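These notes concern the structure reproduced below.
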Amino acid sequence: KNLFSSGLTAMEKKLAEYKCNTNEAIQLKLVRFPEDLEDENTTFNPEYSHQVFGDDEVAFGYKGLKILLYYIAGNLSTLFRIEYTSKVNEKFDCVEADDVESKIREIIPPGFCTNTDDFVALLEKEVNFKPFGMLLHTYSVHNEEAGEDITYQIYKADMTCPGFREYHERLQTFLMWFIETASFIDVDDERWNYFLVFEKYNKDGATLFATVGYMTVYNYYVYPDKTRPRVSQMLILPPFQGEGHGAQLLETVHRYYMTSATVLDITAEDPSENYVKLRDFVLVKLCQDLLCFSPGKLMQGFSQEMVMEAQQKLKINKQHTRRVYEILRLRATDMGDAEQARSYRLDIKRRLIGPYKKKQRELAKMRRCLRPEELTNQLNQIDLNMQHEQLEESFQQLVSDYRRVLERLAQA
């Protein structure tokens, strides 16, 4: 009889109770008023904690573990505390609890508070906090709950702004919790630009600023005298998500670089699905009034004129311009008209089939230098019927993505 089939030992059962999901244990807050500390509604949790606590996102050794990371809304001064109802004991349980504190200390900068009184005292000084850098854009969003318009501002900052380096160290810790593959950047490299979003709010008759989100952009050098800014990280903090700040930020960044004669076009590093949706919306919004995208010209197909105009006027690269064209052409196409729909479908599929064609060329090359049995393996992967199915699937997926962009545009 298998020894292990007798179920968990009492010891194992007991230790299993000492495992905590770190996404639930970590409690984040952006604090404006002392009463926010007690208010459950101001708490939010990470989406990810695997970079700090491993792929299982578990901390061992505690019951009722709470990892409190509270930030003052504007300058992000931090309160860090760990609370739990019980902890395993090396003497009795012969196991050691995870050192949660040192794991968190690795990603948050020193100089944080460890008790609430110090933190509340810092909150008093928050009235002196002002955004860093140069104001680029002001906009307002109607807030249903508050029943009023709330004003937001976007600034461009760099490491020469007093206090910004330390502020950025506190801000970037949020990346770990909300971007799956986040990493910290080398702030000593002067080619980084930082764009920050703040909300203006009132407290006791004074105007204060709360951090909403930010974007980092790296200026790649292009020979001989140009740059190609590449969006690296972008985060709108969870309490502000879904209010359109990402679109405002991306559009503002585009407009900032549009005025620069040395910028070629703007790209993005390894963009997430959400970022691509956001970019589609912003770029289509910027492009829709260009002459090269008039309905008549859209129907004639993708053109070099579109590539040139989008790059020169709006700093949009060729690949993104192609997507903009496809979205705007969908808007101009009557999909109920068989001929128009067919023409649109062929146009998109011709682009989608590019990678397949390339694969086929590579296969033809391999044929000349591979033994027959190796070849069959390679060829089995590419079955024509499957290709058509995949193509149709990709096409349908694109059209539904594009329709969502157009719906958002219609509401904008």
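Cβ coordinates are placed from backbone N, Cα and C, and glycine is handled just like the others.
Here the structure is a predicted model, which means the values were calculated and not measured.
Here's what TrEMBL has on this protein:
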- E269: active site, proton donor/acceptor (ACT_SITE)
- 18-180: domain 'Histone acetyl transferase HAT1 N-terminal' (DOMAIN)
- 279-330: domain 'Histone acetyltransferase type B catalytic subunit C-terminal' (DOMAIN)
- W192: site 'Interaction with histone H4 N-terminus' (SITE)
If you measure W192 (site 'Interaction with histone H4 N-terminus') to the residue listed as 'active site, proton donor/acceptor' at Cα, how many Å is it?
14
Could you break down the residues of the domain 'Histone acetyltransferase type B catalytic subunit C-terminal' (279-330) into DSSP helix, strand and coil, giving a count for each?
41 helix, 1 strand, 10 coil
Does the residue listed as 'active site, proton donor/acceptor' have same-chain partners at least 6 apart in sequence with Cβ under 8 Å from its own Cβ, and which are they?
Y218, R230, V231, S232
